[in-house]
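Enquirer: Here it is: the structure, laid out below.
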Amino acid sequence: MLHIKLESTTFEQAHADVSLVFIFNKDLEHAWVKNKEVLKAFDYEGEGTFLDQQNKILYVGVKENDTHLLREASFQAIRALKKLPFKNAKVGVYNCHKPYTEDKALLENLKALFLGLKLGMYEYDTYKSKKKEVALKEVVVALDLHTPCEKACSKTLHEVAKSALDYANILTESMNLAKDLINTPPMIATPIYMAEVAEKVAKENHLEFHAHDEKFLEEKKMNAFLAVNKASLSSNPPRLIHLAYKPKNATKKIVLVGKGLTYDCGGLSLKPADYMVTMKADKSGGCAVIGILNALAKLKVDAEVHGIIGATENMIGKDAYKPDDILVSKEGKSIEVRNTDAEGRLVLADCLSYAQDLNPDVLVDFATLTGACVVGLGEFTSAVMGHDEALKSAFETAGLESGELLAKLPFNRHLAKLIESKIADVCNISTSRYGGALTAGLFLSEFVREEYKDKWLHIDIAGPAYVEKEWDINSFGASGAGIRACVAFVQDLLKKA
């Protein structure tokens, strides 16, 4: 992991093998820009990256003074530096809020800078026989005492920077933990393996931990969850993973639920071959919940937080559940199965029921639930659904401020009719090909009790959870979608408590 060293010195006085200089708004007149003749000779106008080999300066263009763009530029800077022979680099503190008038503006800017730098180092190369050698080990951050914040803010620049770095270290660790688990192939990352990873997180953070087996699920009448696992029961049995962080002075009880499909071939409603590839990532919701618990525990938030993960495979076999089956869920509602590839909602239905037994103040589920969400919002945006507009807006706002892309989707009574069944209480798929993300959310709503309707949110992370290209501050593959957003959401909730 990249080490970030804070030094109370000017950018010019800091020592490193290479300097990292951001160019905002194509402004090449900044004092840190050297040898403008070289830049002109190579037609560099402040876009993309450019290495001035003579002065050992890596220039990185940033479209405008914006915290989110700085985060992405920091990520891109590290991606470029990883290919170069430099062992350390230095960077100054950039003012994206001129001037800094409060601690928060500086804090958010530094969080963005540090998180981009740290996440830029991530590479999933566990199964590479020849790993790329990376010389870069450290970035020195020059904390110039003449930064405008010194007179306007209540804390010193070093104090604010230390707080931002602590946050970046915790978020990076938590996101990389989730990404590693998501990226791990299904032959390794079984439900039991997922429970073992969660147990390690629990031990490290002194969390309560339980990994309930199929007998427990039977006792609790979690028949929808059990049905999905039937084809895998003998080889990879299910696990209901329950993590709990319980500080002494908790002011809220928050319960998070994650879909943990360690592999999804679609069951008897078999996916086409091309659609089966990357289905190791169908556990992204559950992995996000593990990452969120790790982050919130390390941040020592004053909330009791539970993480519930339904971990199972959805496979074919002689015992596989079938289209036309009718399942009676833990809530007592019957479900007509018309497509076994709409399995995540079945697992979540029972997990949400279990979660409500904990009497939460806020209930949030995370799932790579629908391809329809990706079609509607694209690969980079998660959907926020629920019945309470204020709660939806609070999550969306917190997520957007954290740097994740989210969009609220509205339930309506007409879509709700599309999951009605003639022979059961509800059907696991809609009668229409349209609005699939919303009808899946409405299906989950059927298993949320009336007293929790306005406390519940459904976050469909199907788009950004796993993307087969580099984007924003994410390398190829898993992104840890939902973690930054939920951590920010919980912190905002507690400020209002």
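Cβ coordinates come from backbone N, Cα and C, glycine included.
Pasting the feature list from TrEMBL:
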| type | residues | note |
| --- | --- | --- |
| ACT_SITE | LYS271 | active site |
| ACT_SITE | ARG345 | active site |
| BINDING | LYS259, ASP264, ASP282, GLU343 | Mn(2+) 2 binding site |
| BINDING | ASP264, ASP341, GLU343 | Mn(2+) 1 binding site |
| DOMAIN | 339-346 | domain 'Cytosol aminopeptidase' |
Enquirer: Sequence gap of 6 or more, Cβ distance under 8 Å: name the residues on the same chain that satisfy this around ARG345 (active site), in order along the sequence.
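Expert: Those within reach of ARG345 (active site), by Cβ under 8 Å and sequence separation of 6 or more, are LEU369, ASN428, ALA440, PHE443, LEU444.
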Enquirer: Looking only at C-alpha atoms, tell me how far ASP282 (Mn(2+) 2 binding site) is from LYS271 (active site), rounded to the nearest Å.
Expert: 13
Enquirer: Can you tell which of LYS259, LYS271 has the most other C-beta atoms within 10 Å, given these are the recorded positions?
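Expert: Most Cβ neighbours within 10 Å: LYS259.
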Enquirer: How big is the gap, in Å, between the Cα of ASP341 (Mn(2+) 1 binding site) and that of LYS271 (active site), rounded to a whole number?
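Expert: Per the Cα atoms, ASP341 (Mn(2+) 1 binding site) and LYS271 (active site) stand 8 Å apart.
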Enquirer: Measure the Cβ-based neighbour count of GLU343 (Mn(2+) 2 binding site), defined as the other Cβ atoms within 10 Å of its Cβ.
Expert: 27
Enquirer: Within 10 Å of the Cβ of ASP282 (Mn(2+) 2 binding site), how many other Cβ atoms can you find? Include all protein chains, please.
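Expert: Taking all protein chains shown, ASP282 (Mn(2+) 2 binding site) has 27 Cβ neighbours within 10 Å.
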Enquirer: So which other residues, same chain and not among LYS259, ASP264, ASP282, GLU343, have a Cβ within 8 Å of the centroid of the Cβ atoms at the Mn(2+) 2 site?
Expert: VAL228, LEU261, MET279, LYS283, ASN314, GLY344, VAL347, ALA367, THR368
Enquirer: Using a Cβ cut-off under 8 Å and a sequence separation of 6 or more, which residues in the same chain sit near ASP264 (Mn(2+) 2 binding site)?
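Expert: Listed in sequence order: LYS271, MET279, ASP282, GLU313, ASN314, ASP341, GLU343, GLY344.
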Enquirer: Taking the centroid of the Cβ atoms of ASP264, ASP341, GLU343 as the Mn(2+) 1 site, which other residues of that chain lie with their Cβ within 8 Å of it, listed in sequence order?
Expert: VAL228, LEU261, CYS265, GLY266, GLY267, SER269, LYS271, ASP282, ASN314, THR340, ALA342, GLY344
Enquirer: Could you put numbers on the helix, strand and coil content of the domain 'Cytosol aminopeptidase' (339-346), residue by residue per DSSP?
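Expert: Breakdown, helix to coil: 3 helix, 0 strand, 5 coil.
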Enquirer: For ASP282 (Mn(2+) 2 binding site), which DSSP three-state class applies?
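Expert: For ASP282 (Mn(2+) 2 binding site) - judged by DSSP and reduced to three states - the answer is helix.
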